[in-house]
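The transmembrane segment annotation in TrEMBL covers 30-48, 60-79, 85-107, 114-133, 139-162, 169-188, 200-219.
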Amino acid sequence: MDILALLSGFPKDSGPVYRETIEGRLPVEPFNTVSNFLFLAIIIYFVWKIRRNHRQHLFLAFILPVLFIGFIGGTLYHATRSHEIWLLLDWVPILLLCLATSVYFCIKAGKNPWSRSALLILVLLLMFGIRFMDLPRNISISVGYIAAALGIILPIALYLYFTKYLYGLWVLLAVISFSLAIWCRYLDVRSDFFPMGTHWLWHSFGALAVFFLMYYIYLDRNSPGKNDIIRIPNAPGSVPQLRGK
């Protein structure tokens with residue numbers, strides 16, 4: 001937060017002042033606010049996608065409400081810059097989603113409880129160890145996002161190896177999109193190429209990364225062997241029942 005913002009008491013949160021931030025208008029950050037609605041589009045898409053088979057896609061069903069909370073918090077944060085609670089609702093759900101996705105793929109990539117635990121410890125050190133480093137504030141947030149992304153990519157890379165890189169293109173697209181997103185986030189106040197800055201592109205490419213990763217999870221759950229039909233024994237004439245592996 002710069003000295004002028006500190007003296008004026010605006011914004012009313014501890015978040016950074018972006019190139020687009022202008023006090024006295026609503027929304028305070030128009031492009032940052034509108035671009036956040038890409039996440040709402042993703043939420044609606046996947047709610048519709050899994051509506052008839054949500055039991056097979058329990059992980060997606062779990063993260064969608066968290067993503068929605070993040071959408072509400074992020075939208076109100078950028079639109080008003082009026083309270084610390086909106087900032088918390090913007091980034092805390094992101095952290096929870098990153099952690100949940102890391103745990104999800106650590107469980108899938110590990111061959112046994114010991115390997116899963118070791119992988120999870122490594123991922124947690126990668127994701128949270130960076131927070132104990134004395135980094136300048138202007139880069140610490142971006143570095144934190146990179147560490148969180150690496151904490152997701154590591155177990156996914158192992159899982160892709162074990163599954164012979166099935167649907168790996170979607171993960172690659174997610175990585176490329178996130179790389180562009182984090183670069184746009186870093187450039188926001190360092191470049192005057194766009195008068196409104198580039199934080200809205202962080203939202204846009206970040207939303208693409210989220211979509212590609214969620215679509216990979218969706219395809220993985222729909223792949224052969226994830227939902228085999230098993231007939232219950234000792235029940236003559238019984239109807240085959242679905243049991244997910």
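Including glycine, each Cβ sits where the backbone N, Cα and C put it.
Beyond the transmembrane segment (85-107), the same-chain residues lying 6 or more positions past its ends with a Cβ under 8 Å from any Cβ of the stretch are 13-15, 59, 62-63, 66-67, 69-70, 72-74, 76-78, 116, 119-120, 123-124, 127, 148-149, 151-152, 155-156, 158-159, 213. The recorded stretches the transmembrane segment (200-219) and the transmembrane segment (114-133) do not share 3+ CB pairs below 8 A when only pairs 6 or more apart in sequence are counted, and are therefore not in contact.
Remote same-chain residues near the transmembrane segment (60-79) are listed as 13, 15, 26-29, 32-33, 36-37, 39-40, 42-43, 46-47, 50, 54, 85-90, 92-94, 96-97, 100-101, 203, 210, 214, 217-218, 221 (criterion: CB distance under 8 Å, separation of at least six residues from the stretch ends).
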